[in-house]
């Protein structure tokens, strides 16, 4: 049952405000610096990967192409959230109009969904590279790679459009509603609707299955074949090298799908608003920060390209 609020007597278009993290000024300043630092590190790390892939011919491989697109998506969906979040940390509850909230949700779900689909595409790339190495260049052509990235983005765009448009047909009673979150994510916005949301919850669950469960199952199937192929390699060094090409991707997959599933696939009756906000911080700030670190540390080609770029820049400055 929808509880009465003084906002119900207010007239005007519906606006949303985000609940502040803390009202203590010192902690607000600390959080602002922390999240600003994380955001700048995300921008720098992922931009460095995109630049390295584009600037070095040794990195013009299908996996590097997918990695650069993954970095682009993560810059995008973090940037959808971070600027507005940073502006609201200091406690001034700036209202966000209904259309602005809908736009943020649409782009966040689109870019996050494309991220999940792209991780499944990258698993297929690893499957072809390890299970069919002699035919890898024939299968993973540039045309196919571009088509798979476009399909991942197009499918995410379609699902996000359907979900967002359905949610914002709901009535939100009152002029100003407070979201117990730092972004217009689907679960906290649904909690503010003053109507029956069971159909919308079901649609959210279906979209969550399509975006998270189905790609994760495809990743699992790919790694079953990959593991089988690795175990058939006779030399220990060969097995180690084959596994090292997959370990970074597997670490990112487990982190991304695991945290997102805890938010979008849990029954709403067992979910906590505060827990959802904590999990959202992980896949909004921590995962995009760890991805370039994981791939850079585990990928010798990327690491070598970045090292050459830094050394050449230092030489140029010295001259």
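The backbone N, Cα and C atoms fix where each Cβ goes, glycine too.
Checking the ranges 278-297, 298-317 against TrEMBL, the transmembrane segment annotation falls on 278-297. Counting Cβ pairs closer than 8 Å and at least 6 residues apart in sequence, the transmembrane segment (105-124) and the transmembrane segment (202-226) reach three or more and so form a contact. Looking at 29-53, 65-85, 247-266, 278-297, the range that has the most CB pairs within less than 8 A of the transmembrane segment (202-226) turns out to be 247-266.
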